[in-house]
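Note sheet for the following structure.
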């Protein structure tokens with residue numbers, strides 16, 4: 001009697017902030033797990049997205065963008081989390097943006113050169129490159145930087161060539177038993193996903209300055225007798241002025257954030273959600289490593 005083989009492995013998605021790593025992860029999984037926003041530094045935790053297709057299970061680690069500035073404690077922890085997830089994977093997808101190449105890209109590349117895992121280079125946002133004639137020389141320049149397993153021009157936004165990436169990933173998964181049941185999409189708890197959804201809405205509806213000094217704690221997440229969930233979210237900001245900004249004129253801003261977050265939660269949890277949000281000032285949290293650890297920003301996952 002033959003036993004069917006199964007394949008399973010970890011894949012890190014790395015790159016400087018804002019190149020489209022989370023969008024790529026969401027496309028590879030076919031649904032939204034990692035929060036996406038046009039602001040850099042959106043992903044703060046190493047989200048694991050799981051894609052199981054028949055015998056193949058790919059487990060994706062979505063790293064925060066590696067970046068040069070290490071000034072604040074939160075940035076230091078984010079960089080550590082990104083570096084540590086490069087270490088213990090079967091494959092790395094290095095995402096870069098169109099024909100742009102920055103010192104941050106260079107820094108990520110240097111970390112990858114030291115690693116043992118093969119690297120797929122995903123050149124994202126190629127559909128946005130104005131001068132198509134610049135693309136080929138740039139791809140040749142990239143190819144000379146290190147011995148990549150493959151170089152794939154993609155658009156994570158439209159899905160262009162994302163299936164090519166998925167096929168390369170499948171080909172390089174080692175023979176192993178699956179770590180997760182086949183219907184799992186992420187190993188993060190619903191409570192964690194709820195906080196991520198609220199954070200995404202904060203980033204979407206607030207000005208450029210605010211989001212990095214904002215975090216969300218879920219104080220209550222319980223099932224109710226109506227077959228849904230009662231969720232209380234606490235939004236922590238660093239200053240009184242930011243609190244006013246989050247609440248908005250006569251509470252209009254926080255109301256919008258709550259409505260939009262509730263919609264996404266209901267879709268994700270497939271159940272009715274009663275959501276209440278509060279805003280509280282907790283000064284200096286982004287600079288205090290102890291406070292960060294208590295909020296779940298851990299660097300030794």
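Cβ atoms are placed via backbone N, Cα and C, with glycine included.
Since we're looking at a predicted model, the values are computed, not measured.
Per Swiss-Prot, the feature GTP binding site maps to 15-22, 62-66, 124-127.
As annotated by Swiss-Prot, domain 'Era-type G' applies to 7-175, with the evidence given as sequence analysis.
Annotation source Swiss-Prot lists region 'G1' at 15-22, citing sequence analysis.
Among the features that Swiss-Prot reports, region 'G3' is placed at 62-65.
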Sparsest-packed of the listed binding-site residues (15, 18, 21, 126) - C-beta count within 10 angstroms: 18
Secondary structure of residue 15 (GTP binding site) (DSSP, helix/strand/coil): coil
Conformational class of residue 126 (GTP binding site) under the three-state DSSP mapping: helix
Mean of pLDDT values spanning the region 'G1' (15-22): 85
Secondary structure of residue 21 (GTP binding site) (DSSP, helix/strand/coil): helix
